[in-house]
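Enquirer: Take a look at the following structure, please.
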Amino acid sequence: MFPRPITQLSAPSQTLYKIAVPVALFLWLLPLLGVALTSVRPASDLAQGNYFGLPSALAFENYATVFRNTPMLQYMLNSFWVTIPTVIGAITLSCMTGFALAIYRFPSNLIVFFMFVAGNFVPFQILMVPVRDLTLSLGMYNTWYGLALFHIAFQTGFCTLFMRNFIKALPFELIEAARVEGVAEWRIFWFIVIPLMRPAIAALSVLVFTFIWNDFFWATVLTNSAATQPVTAGLSSLNGQWIAQWHLVSAGSILAALPPVVMFFMMQKHFIAGLTLGAVK
Amino acid sequence: MSAYWKTNQRRLAPWLFLAPGLFMFMLYVIIPIFQSVFVSFQDWDGLGEARWIGVDNYVELMDDDAFYTSLKNNVIWLALYMLAVPAGLLIAIFLNQTIAGMRLYKSLFFFPFVISQVVVGLMFSWFYAPNFGLFYNLLEWLTGTGTAVLADDRFVTYGIIVAGLWPQIAYVMILYLTGLNNVAPDQVEAARLDGAKGWRMLWYVILPQLRPATFIAVVVTVIGALRSFDLVSIMTNGGPYGTSRVLSFYMYEQALSEYGYRMGYGAAIAVVLFAIMMIFISGFIWKMWRDETER
């Protein structure tokens, strides 16, 4: 194990380490803690210059104000409306593409695979003008499905990379045995491979959920009204209206950050497994 | 029909499985790249008639100060963003211990990556805010005068990059923590018996084993640096006086913001950014291709 386990060191060093870790964590999360604290600070505290001390009272009404005076609830619902279909769509498509690229040998296999991988790295701006134009001409501009369709297509690139490598690591004898028995290819996919892919599906679901929930660029390019804007774009426009009302900005920020954070803590193991795919050989 | 299907099933099946995903990816990702290149040779406001103007957009770019500012900032982003790799490694080594509650500590360290960049941008704007921001006060306390980082053209890009590094370091850290978990213990023990420790141990024994993690860390960091858009848009909107623009943001500004709908010019900026990224992408793909065909 590297570095040398702390349990082999002297007692004072161990104590020092046990103090150092939470202190480092506190410093690391300082921006987050500051915003979290500001979000429950009464406006009067800010007016009196109490920015860092403990809040004079816990002002949960900041959150109530955000919900009452702004379309925050609508923004968050819009985000769910875009995110959940994207997760389902991208995972459905990539189970199939990943299966095709992992199981079958055909001449253009690697070329198709690397097209998905490379497409996944391109800057969004090179897609912006044509994708916006396509969405407009399909009559889907400023709708949740217009945004979701793009996200499904783009995420398919990353998900294909993931699924293909995952299926490739499964024991191939299973499929060969099924073929010898004369099982149809789609039944192999559905009854043999899909059940084995549960961990991959779980990992990708949380990852894609987080990526799409946190997307800002496409939200600003493909939507423009409070009725359809996801929470990232909504928060950005609210920030423009709330000049210097940091207690509201903070409460809005915390709300926008909450769903992916909850998702992360619920599905931590899968999330990290997905993110670190390929980090070990 | 069914006889044909029976004999050719295995040849047709992959393409049937690929069809929906490939269709979507072509429609929304691959074809638009070529369309963008095409648009970059046009003068087009996005609504009316497009006019073919050849390389005029690129000629105009050559003479555009804002373009050079953005390009320079992209280089700074790329260079400083790479700090995320050693910083992430450092934190990973620091945290790779088993004390009570370590799992929770690790996930809390990872926290910034889970949060939207919009929220990260707002958090750091608050952190830097003149007069009451924590960082502003810290500077005032240390040097006697506070600096409004985001309003000062000398510091603004660096200020935004620091905000970007925060989640990026968290990401690299988790990659290395996973890597460290899988370092072969017998090799470490053998090296220890030979008297290796500290830096030499890290450099000669540990880092070679962390290569896959380092590769992914470099890839995601380069891509992240060149994709930077959200933070610039949220924290400064390119200001003050356009000094914190990067190519991705400048492209958006030209093509879609209140400054005008110059789709052709915007597309030309995007093509330049794409060309820069292609240098890195082809490197990554080349390495992955080699790994794949060697196996």
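Cβ from N, Cα, C; glycine included.
In case it's useful when we look at the structure, here is the feature table from TrEMBL:
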type: DOMAIN; residues: A:76-267; note: domain 'ABC transmembrane type-1'
type: TRANSMEM; residues: A:20-40; note: transmembrane segment
type: TRANSMEM; residues: A:80-103; note: transmembrane segment
type: TRANSMEM; residues: A:110-131; note: transmembrane segment
type: TRANSMEM; residues: A:143-167; note: transmembrane segment
type: TRANSMEM; residues: A:188-213; note: transmembrane segment
type: TRANSMEM; residues: A:246-267; note: transmembrane segment
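Just tell me what is around each of these and how deep it sits.
Expert: A Cβ distance under 8 Å defines the sequence-distant neighbours of the transmembrane segment (A:20-40), meaning residues of its chain 6+ beyond its ends; these are 46, 51-52, 55, 58-60, 62-63, 246-247, 250-251, 253-254.
A Cβ distance under 8 Å defines the sequence-distant neighbours of the transmembrane segment (A:188-213), meaning residues of its chain 6+ beyond its ends; these are 79, 82-84, 86-87, 90-91, 94-96, 99, 103, 151, 155, 159, 162-163, 166-167, 170, 174-175, 178-179, 230-232, 259-260, 263-264, 267, 270-271, 273-275, 277.
Sequence-distant contacts of the transmembrane segment (A:246-267) (same chain, six or more residues past either end, CB-CB distance under 8 Å): 35-36, 38-43, 46, 59, 62-63, 65-66, 70, 72, 75-76, 79-80, 202, 205-206, 209-210, 213-214, 231-232, 235, 238-239.
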